[in-house]
Structures are given as C-alpha cells and as structure tokens.
Amino acid sequence: MPKNPRVLALFDVDGTLTEPRKTVSPETLSFLATLREKIAIGVVGGSDLVKQKEQLGDSPSLFDWCFAENGLLAHKDGVVIGQTSLVQHLGEENLKRLINWVLAYFAQLDIPVKRGTFVEFRQGMLNVSPIGRNCSREERNEFEKFDLANKVRETMVARMKEEFADLKLTFSIGGQISFDVFPEGWDKTFCLQYLPHADFDEIHFFGDETLP
C-alpha cells in the first residue's frame, strides 16, 4: 500500500514511545519505521532536543515531523522550520522573578529527599521538580508515592497560579517528579500551527495521562 501523507500519527515520548526517561526499544523503532511506510509520523515531547535524542536517537530523521519542547523547536523532514523562546516572550526580569520564587519556595519545603536540578530551563518552558531531576530511579518512584499522598506539586502549582496570575502561565503536572511552566497556549497543541488543516485528513495523537 502506498504511503498516505494526509494521515499523521503524532506520538508523545515518555510513557508512550519509551518508559519515563528510558531509551526507545528496537521493537518500537521497527514499528515506527514500518508505520512510516504507510502514513506520516511525528513526535511531540516536552523535553529539549538533546534529551529527546538521548531517548529516541536522531529523532528529526526518524519522523516526518519532530517537535521538541511541545513544538517550540520544530523540524520537518530533518530541517528546522520554527523556533520560539521563553526569554523573548516573558522578558528577563519576569523570568528571574519566577525562578527566584521557586527557589525560595523549595528552601522552605520539607520533603523526605532533595537532590539537584530543581529548576531546568528549556527553550520554551521551565521544568520544576521539588525533589530535583538528579534523583535516582528508586527515589523518583518513592517521591511519586509521597506526592500522591501529600499533593506536593498540586499545592505548589496552586500557589504559583495566584502569585503569577499576571504572566498568564500554564502549569502542567505530568510524569513522576516535576511539572512544566509555560505561557498559555504553549502546550502540545502549540505544534499544530505547523500542521496546516488543509494538508491532513486525519491527525491522531498518542500519549499517556497528563494532568492539567
């Protein structure tokens, strides 16, 4: 059957193509290669391109459409077609205000374990982790249980929504240990601006659970 480029299958990364922060399996890569012979395929993940490549390999060449950081860095057929910056959007002073508040909040936060990399700056978002992204796999799993019982991330997000209402930000709790902070409209739907409706009959998105 010839390839139908008017049907697009768009995949999330963590929890969909891979286990969280793990590398893609040979079986999944084989499946994607076979699928690409039939329809257009794409990937849209929240991580930057470096981390996406760590998990998937050379993602811009593996997919017809490759979106890192929800589409803030966009590739089509391996070529960059768009870039968007959080610094340009918020401005340096607002960004410092946001990061300083987070670090001050963490200084007062009492949780069983803290490691390192509590705020990760990405091109179009901040990834905020109460335990720190440098935690081990076991620590990550234990924090997930603690967070479910004590609503650490949920409570922090509620406070930040009040504190930074003027910046019109979205807070997305996902995965086990962190949440993303980005301007309204910069979620995974951001990549749709690069996918003209006239070019597709069907777009299917495959992802795991994400909380608002």
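Glycine too: its Cβ is placed from the backbone N, Cα and C atoms.
Just so you know, TrEMBL annotations never went through curation; they're auto-generated.
When the candidates Asp201, Asp208 are compared with the Mg(2+) site entry in TrEMBL, which names Asp12, Asp14, the shared residue is Asp208.
Within the set of recorded positions Asp12, Asp14, Asp208, the entry lying nearest in space to Arg21 (alpha-D-mannose 1-phosphate binding site) is Asp14 (CA atoms). When each of the recorded positions Asp12, Asp14, Asp180, Asp208 is scored by how many other Cβ atoms sit within 10 Å of its Cβ, Asp208 comes out lowest. It is 17 Å from the Cα atom of Arg122 (alpha-D-mannose 1-phosphate binding site) to that of Asp14 (Mg(2+) binding site).
If you take the CA of Asp208 (Mg(2+) binding site) and look 10 A around it, the recorded positions you hit from Asp12, Arg133, Arg140, Ser178 are Asp12.
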